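Heads up, the thing below is written out as C-alpha cells.
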Amino acid sequence: MTKFVFVTGGVVSSLGKGIAAASLGAILESRGIKVTMLKLDPYINVDPGTMSPFQHGEVFVTDDGAETDLDLGHYERFISARMGKRNNFTTGQIYETVIKKERRGEYLGKTVQVIPHITDEIKAHVKRGAEGADVAIVEVGGTVGDIESLPFLEAIRQMGIEEGRSNTCFMHLTLLPWIPTAGELKTKPTQHSVKELREIGIQPDILLCRADRAIPEDEKRKIALFTNVPHEAVISVVDADSIYSIPRMLHDQMLDEIVCHKLNLLARAADLSSWNRIVHALKNPKHEVNVAFVGKYVDLTESYKSLTEALIHAGIHNESKVNIHYIDSEEVEKHGTGELEKMDAILVPGGFGKRGTEGKIAAIRYARESKTPYLGICLGMQLAVIEFARNVAGLKDANSTEFDPHTPHPLVGLITEWKNADGKVEQRSEDSDLGGTMRLGAQKCPIVPDTKAFTIYGAEVNERHRHRYEVNNHYVDKLEKAGLVVSARTPTEQLCEMVELPSEVHPWFVACQFHPEFTSNPRTGHPLFNAYIAAALANRKA
C-alpha cells in the first residue's frame, strides 16, 4: 500500500517546496524506499505548454511527452524515478475531466459540485500517479489561503482520513522573515499560516521553516507551542550555496526519521555519500570556464532551469566551476559579438518566435568562425543550420518559415504530418492550436559512426523533444556538400536530429534538435554536456 507525504506552502510563494520535497525523496530513496512524486498545480491552464516563460518559468518535458511544471525537473534530478503525465496535473485538467464525464452522463443527472466531484477527481488522479510506489510525495502548488488551492487542500484533507493517519504525513513549508530594525526572526507569519491550514482541517505533522539564517532553539519551541507541532518536527531550512546540499541539511535534522516514524516505515539507514561527493565537487573545483548563454529570456533564468543545472552537472564531472554569462540576443543584434570574445564556449538554447533570432545567428557565426566550442539546442540547432546555409552554402536570405513565411530558402519549416506518442497521425498548419501540437517526448534515433555525436552517445540517442518546426530535408544534401555533417536522423522521416562540423574545420561544434538537459542529473551528469564543458576547458582563454 502506498503511503503519502503531502507538502504545502504558506506565507509567500517561491519558498522552494519542490526542492524540499525532492530532497526528502532523495533521502528516503537512499534508505531503500521506492519513491515517486506528484505536483498539483491550481491554475486553470490545462498544462504550462502555452504559458509564457516569464509567467511560469521552464516547461519540463517528460519521456511520455507531458509538458509539465519545472518542479518535475527537480524531482528527476533528485530521485531515480522518471516522471510522466500522471505526475503533474492542473485545475484545468481536473475540470476538463469532470465536465467530459458530466457530458457523457456519468453522474446520472446529479448536480456536479466542487465537493464531491472535483475533490474526488483530484483524489483519483493522486492515487493513479502514486501507483507502484512505497511513498508518494505530493506537492500542492500555490500558497495556503489562495482561493485556487482550496479544492486541492480539501482533497488531501479527505485523503488523510480515508488513507489513515499512519499512511499520511502533512509537511508545511513557511517563511520566517528577518526584520533588520528589530534584529530578529518573526514567527507570527508562520503561526498564522498554520492557523489557516488548521481551519481547513489539516494539522501539519512537520514544519519546514525557511530563513536566511539559523533559527534559535527558543524560536523553534515557540513555533512548536503555537502550531501544535512537536519541537523536533520544526525543521530549520536556511539558505544554502547549492540546492544539492539540502538533502544533507534535512537529514542532519532527522526529517527522514520523523517521516518514517509517522508512516510506520522500517528502512535501512540513509546513505548520502553520493550527495556528499556532489557538494564537495561543487565547493572544490580545480578549473573554471566561462560559457556564453545567448537567449531571449535571460532576465528570468528560471526559463532555462534544466539547462542551467545541466551545465552545473557537467562542471561537477569536469571538476570545474561553470560561470554562466547570460547574454540577451537582442543586445547582440544591437552591439555586436564583442562580449563573446572572452568566453570559452557559446550556447544557444531553445525558444520560440522571431525576436532576438538574428542576434543568436550572429553569435553562432562568431562561434563557427572563431572556432569557439558551440552547443545548439532545438532552436539553437535550427539557427546553426540557417547560419551555415547563409554564410557557407551560399543560400542568401535562408530562414525559417516561423520567422519569414516568404523566405526564398525555407531551411526550417513546419512539419505538416507527424505521428504522435500514441501512434496517431496528426495534421498541423500555422493555424493549428498551439497547445499539444508539438513533437513531444522521448524518441530514439541512430547515430552516424565516426562523428562527435557517436563518440558522445554511441550508436543510438534517446532524448526528449519539444518543437513544432524541423530542418527542411530538401536542403540537407546541399548543406552536406558544403561541409555540414548530419550525424543523427529520425529512423522513419529521416529528419535532422543532430548536426556538427568536422574536427578538421572546427574543434567542437555540435547542435541537436532535442533537449538533452531534461535527462541530466548531478550524479552522472549528461554525456553531451560533459563533452561540451570538456571542450570549453580545452579552449580556455588566458
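From the backbone N, Cα and C atoms, a Cβ is placed for every residue, glycine too.
Going through Arg365, Arg439, Arg464, Arg468 against Swiss-Prot, the one listed in the L-glutamine site together with Gly351, Leu379, Gly380, Met381, Gln382, Glu402 turns out to be Arg468. From the candidate list Ser13, Ser14, Ser370, Ser400, the residue Swiss-Prot records in the CTP site shared with Asp146, Ile147, Glu148, Lys186, Thr187, Lys188, Pro189, Thr190, Gln191, Lys222 is Ser13.
Swiss-Prot lists Ser14, Leu15, Gly16, Lys17, Gly18, Ile19 as ATP-binding residues, and of the candidates Asp64, Asp69, Asp71, Asp120 the one it assigns to that same site is Asp71. By the criterion of other Cβ atoms within 10 Å of the residue's own Cβ, the least surrounded of the recorded positions Leu15, Ile19, Ile147, Cys378 is Ile147. Nearest in space to Thr190 (UTP binding site), taking C-alpha to C-alpha distance over the recorded positions Ile147, His515, Glu517, is Ile147. Sequence-distant contacts of Lys17 (ATP binding site), defined as residues of its own chain at least six apart whose C-beta falls under 8 angstroms from its C-beta, comprise Val7, Thr8, Gly9, Asp71, Glu139, Gly141, Leu173. Surrounding the centroid of the Cβ atoms of Ser14, Leu15, Gly16, Lys17, Gly18, Ile19, Asp71, where the record places ATP, the chain contributes additional residues within 8 Å, namely Gly9, Ala20, Ala21, His74, Glu139, Leu173. Counting other Cβ atoms within 10 Å of each Cβ, the binding-site residues Gly351, Gly380 show the lowest value at Gly351. All protein chains shown were included, and the count of other CB atoms within 10 Å of the CB of Thr187 (UTP binding site) stands at 21. Between the listed recorded positions, namely Lys186, His515, the fewest other CB atoms within 10 angstroms of a CB are found at Lys186. Across the structure, Leu15 (ATP binding site) and Ile147 (CTP binding site) are spaced 19 Å apart at their Cα atoms.
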